[in-house]
Amino acid sequence: MMEILRGSPALSAFRINKLLARFQAANLQVHNIYAEYVHFADLNAPLNDSEQAQLTRLLQYGPALSSHTPAGKLLLVTPRPGTISPWSSKATDIAHNCGLQQVDRLERGVAYYIEASTLTAEQWRQVAAELHDRMMETVFPSLTDAEKLFIHHQPAPVSSVDLLGEGRQALIDANLRLGLALAEDEIDYLQEAFTKLGRNPNDIELYMFAQANSEHCRHKIFNADWIIDGKPQPKSLFKMIKNTFETTPDYVLSAYKDNAAVMEGSAVGRYFADHNTGRYDFHQEPAHILMKVETHNHPTAISPWPGAATGSGGEIRDEGATGRGAKPKAGLVGFSVSNLRIPGFEQPWEEDFGKPERIVTALDIMTEGPLGGAAFNNEFGRPALTGYFRTYEEKVNSHNGEELRGYHKPIMLAGGIGNIRADHVQKGEIVVGAKLIVLGGPAMNIGLGGGAASSMASGQSDADLDFASVQRDNPEMERRCQEVIDRCWQLGDANPILFIHDVGAGGLSNAMPELVSDGGRGGKFELRDILSDEPGMSPLEIWCNESQERYVLAVAADQLPLFDELCKRERAPYAVIGDATEEQHLSLHDNHFDNQPIDLPLDVLLGKTPKMTRDVQTLKAKGDALNRADITIADAVNRVLHLPTVAEKTFLVTIGDRTVTGMVARDQMVGPWQVPVADCAVTTASLDSYYGEAMSIGERAPVALLDFAASARLAVGEALTNIAATQIGDIKRIKLSANWMAAAGHPGEDAGLYDAVKAVGEELCPQLGLTIPVGKDSMSMKTRWQEGNEQREMTSPLSLVISAFARVEDVRHTLTPQLSTEDNALLLIDLGKGHNALGATALAQVYRQLGDKPADVRDVAQLKGFYDAMQALVAARKLLAWHDRSDGGLLVTLAEMAFAGHCGVQVDIAALGDDHLAALFNEELGGVIQVRAEDRDAVEALLAQYGLADCVHYLGQALAGDRFVITANDQTVFSESRTTLRVWWAETTWQMQRLRDNPQCADQEHEAKANDADPGLNVKLSFDINEDIAAPYIATGARPKVAVLREQGGNSHVEMAAAFHRAGFDAIDVHMSDLLGGRIGLGNFHALVACGGFSYGDVLGAGEGWAKSILFNPRVRDEFETFFHRPQTLALGVCNGCQMMSNLRELIPGSELWPRFVRNHSDRFEARFSLVEVTQSPSLLLQGMVGSQMPIAVSHGEGRVEVRDDAHLAALESKGLVALRYVDNFGKVTETYPANPNGSPNGITAVTTENGRVTIMMPHPERVFRTVANSWHPENWGEDSPWMRIFRNARKQLG
């Protein structure tokens, strides 16, 4: 039976206004819209009055429900029938954890009530199309239609293909019907194999073969034999990549054979809880570094949010499934798309060439895709710390003559680093009889065909198969699985995981054969043991679907009880679905039909399938010389600063958590003005050291339109000039991921790909001492469509994205582009040696040209000398700032440095030649260093020692003020105010934020950037930062116990425990399942801290599901109430823990006036480094800090204080319960965005109880308790930041 319950309003006023404006623009006469959430409960038994009241209360969250009956025509938007939304999975979990077992499933829709003039049926269809994502949702005309969401079908049997009766044609028909993308020789191979077996194949076997042997999974082109211009080539592409490892194997521990590569890290104290006692402590051991970079291009073109989200999620799983289990740590994200054409903000170079109906626009991708990628990283609890963004779409004269080149099929890049124990780098042995396990969520009918679909050019497959390729993300489930993996690797030698892979393309049909085959075994499986939420699925759908957040593992049978215990504690679902066998054979039994859908020798599936041969021709690009007749430097500056590739990326940065883990030493945002210009990302290796890891990206794809090899060399060079900003040492410590995107089969592209791989794998990397131990390829970067009567194609440039990874010697020595105005000198290191080529530059692009001669690596020895010189200068602390030269050239390098330093620049470019346009806008390798004036001679001498004398040019200096002046021989070349340039540079991010977020907030942020008087972040302390007030108490040896409380989806508990540990506490890991299961009580604890994260993925209100699981469980409710009433206890709630505790007001004495925390005013997750002041309040944790003003990490989507009315706010203030407020950089309490990131009244961001024993706050002091973890800080701070005082206050209060 289904029950319908109304929910809160679904859209803020500005979202409704945006919808109305879209309808008006489409000439749809819609006058008013009201939208509210509607909940549908699928019940297996009726609820009594108490249970009904509980369910009703559970579904009350967010803004207050409208009391009026909505008017207008109803359009109900729900998930597509036959799918289960991530919201549904999490909400159902909450209901069950609150004891409502009668609820089989909760689902949510949005009821739109539309008041409109008379509309035709077609116009109503247009209205409906604006309200939903056709790939994921459907529209019903009535609420009761939602019953279709809960219809269960009978299981479907396996289907056989009559190969023996119909011959080869049966396979050809199945290939088309199932979208298998099989090549002719593969059809021949299958015909021969099954004829030998003497039986017909089942559809599931063909599908499994197609996924396991797709280009996406098997990388056939990279393993192919090559004939170029009639000459056989000596090596495959992959062999040339492997040559880098054969030449420079140094520091590599694992390459080419696992889900990620591994290199040597540093010996540090890894901080985690003991399995038996729950007590956190440091464990001194090597923290080796793993690295992986994936792409998820096809799904992102079809449905950007889930496409990008599952792209990030899949890469995170690759990291976790490395060796015998590892820990993902920090991420990177990148996008290449066609021109944005922002409505009302179209740029002169952005022609509309049309697109296929089935893919979304570049603007849609960049609106939704980054949000999806960020949301997954945020909810999983991994900071995303670097990235890139390129737009390109133009008709150019390239290798194949004049044609359309661009990214209608986008690049969505997802990568990152992690850590792994030394003894877990290599996978173990799968013993015969080992249990074969699926860890993670249930099978669902989603993502079918992802591997094969990704291997086709967009436009080749059937639209229904595109629907089938759309995936669904549930990062909170993946976090639970990762917690299980963490518990396993933390057991060291007792780790129960023998072997692990992630489930990606092809689902279990790819993952399980790969698992047993890699382990040298076979497998015997039972289909019906696979967890499934949809009983009507066929065997093919159960075995081959790509439900996300799953891993496959081999666990020894005697270790199963331990594994079961770990999974239950973390509430991570798992199923034992088979056993490892001696014989390398794969069998899948189906209990329901008592038949055998799969019965194959593994070598048929994964054996010597036909090897590809690429017989291709070389084409040379001619290009056209740049026509510069109408180009002025002033206009060029304006245009280039508006090119999205160059322009400010704040709209892509602040949506992503950049502080979780407490180990982020360098994020994108630089300096007191938080400008997103960092060259690389840096993390600390642990919470007790200054060793670390660095990541950077290099990518110069448009150059490939003129010179394939040069483009590849520049990508490597740019990654190197970016990562050189931190202290690494030996260049051999740097390891690269190479991600290759090409339109294989397009004239000239295959030979160009070979040239590019050879240039990097056989030449440049070996010469530099660089290794490429990991990478990925995507070989179908083309879209086809009909535009009127014309057949069109959009082909991407050959695109190599290089991600560089390295161990860092001392993270404190990382340089940024932030200029200093002390007596200084700016020096250009020009690795282009005066070539100043303008082909395929940003300058050429904004004037709709390509040019003829591009930049290149001019001298490999000098590139190596540059890196070595930078390392010497970084180690000697001789540099004040560094920024590489890349898109936009020297002009942009200097401008971004001035933006970061909020200062002026006076430079002279006479030494760079007479062609000022080329000097300022060429994109040759190199960059600008800033040195102290007195160090200039010594620095130039050192650069000369490294062979760079002819590359170094003195430019001028940074000055206080607002003028950005470029001269040549004292003649002005360009002069403008830095503020004007900053505003131009920011306009793209402003317009994107206006479109995507609350436009009022976007306007306020843009206005703030234009304020030259802004002093930037600053610090005022009312206490001595160097005083350790906890030291006398630590000296007694007594360590009070703090319960570090987490719920499923939590993610800030480790750094929280470390902060309390440093202050003299014994931090104990306490999961809510421990309390609900009665394994642990709160009676033995002196302090309680509820940590941040996304409990239940913020479903049913941030923190509210967590709170209600306490309030609706009588025994646990009593535990908390007793704790809060006990004298001599302390409690802290941070972020998600703050939201949770604010919903426990009925249990906490003196908290009656506390507010609720609701959706940010921007309607967006906000990750900021915000200035707060400590106000006078009873809070025991903030004693002695009153009046202090300092920045703190902020990461939340629902942090806005909501009070009932003005009287409630006045009472909260008059009682003095406000503990922290947001202030602007002038020290004034603010409600203005982004200084106040959520719009809370009076800047309120922390409150306390009347006795001060319980304090709750939205910002994260635990993430910045170490100075090194602050995005910016005064140079005189030591190891501890001022926020460490909170934790020491806690220790002092407990005596």
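Quick reminder: no glycine exception, Cβ is built from N, Cα and C everywhere.
Residues or ranges marked as active site, nucleophile in Swiss-Prot: Cys1135. According to Swiss-Prot, the active site annotation covers His1260, Glu1262. Look at Swiss-Prot and you will find 307-318, 386-388, Ala678, Ser886 tagged as ATP binding site. Sequence annotations record features per position, and here Swiss-Prot assigns Mg(2+) binding site to Asp679, Glu718, Asn722, Asp884. Per Swiss-Prot, the feature domain 'Glutamine amidotransferase type-1' maps to 1041-1295; the stated evidence is sequence analysis. The region 'Disordered' annotation in Swiss-Prot covers 305-327.
Features as recorded by Swiss-Prot, highlighted on the structure.
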{"residue": "Gly307", "record": "ATP binding site", "Cβ neighbours (10 Å)": "28"}
{"residue": "Gly313", "record": "ATP binding site", "Cβ neighbours (10 Å)": "30"}
{"residue": "Ile316", "record": "ATP binding site", "Cβ neighbours (10 Å)": "30"}
{"residue": "Thr386", "record": "ATP binding site", "Cβ neighbours (10 Å)": "28"}
{"residue": "Ala678", "record": "ATP binding site", "Cβ neighbours (10 Å)": "27"}
{"residue": "Asp679", "record": "Mg(2+) binding site", "Cβ neighbours (10 Å)": "28"}
{"residue": "Glu718", "record": "Mg(2+) binding site", "Cβ neighbours (10 Å)": "26"}
{"residue": "Cys1135", "record": "active site, nucleophile", "Cβ neighbours (10 Å)": "32"}
{"residue": "His1260", "record": "active site", "Cβ neighbours (10 Å)": "26"}
{"residue": "Glu1262", "record": "active site", "Cβ neighbours (10 Å)": "30"}
Cβ-centroid neighbourhood (8 Å) of the Mg(2+) site, Asp679, Glu718, Asn722, Asp884 excluded: Cys680, Ser696, Gly698, Ala719, Leu720, Thr721, Ile723, Ala724, Ala725, His883, Ser886, Gly927
Residue from Gly307, Thr386, Asn722 whose C-alpha is spatially nearest that of the residue listed as 'active site, nucleophile', among the binding-site residues: Thr386
Fewest other Cβ within 10 angstroms of its own Cβ, chosen from the binding-site residues Thr310, Asn722: Asn722
Nonlocal residues around Asp884 (Mg(2+) binding site), in sequence order (Cβ under 8 Å, 6 or more apart): Asp679, Glu718, Thr721, Asn722, Ala724, Thr893, Leu925, Gly926, Gly927
Folded-back contacts onto the region 'Disordered' (305-327), same chain, C-beta under 8 angstroms, at least six residues removed: 133, 136, 254, 258-260, 262, 290, 292-296, 298-299, 333, 368-373, 375-377, 380, 382, 384, 412, 414-421, 424-428, 447, 470-473, 475, 478, 481-482, 485-486, 488-489, 495, 497-504, 548-549, 551
Cα-Cα distance linking His1260 (active site) and Ala678 (ATP binding site), given in Å to the nearest integer: 22
For the region 'Disordered' (305-327), the number of residues DSSP places in helix, strand and coil: 16 helix, 1 strand, 6 coil
Integer Å distance between the CA atoms belonging to Glu1262 (active site) and Thr310 (ATP binding site): 29
Cα separation, Glu1262 (active site) to Gly307 (ATP binding site) (Å, whole number): 32
Local confidence of the domain 'Glutamine amidotransferase type-1' (1041-1295) - pLDDT mean: 97
Length of the line joining the Cα atoms of Glu1262 (active site) and Thr386 (ATP binding site), in Å: 22
Collapsed DSSP category at Thr386 (ATP binding site): strand
Residue pair Ile316 (ATP binding site), His1260 (active site) - Cα distance, angstrom, rounded: 24
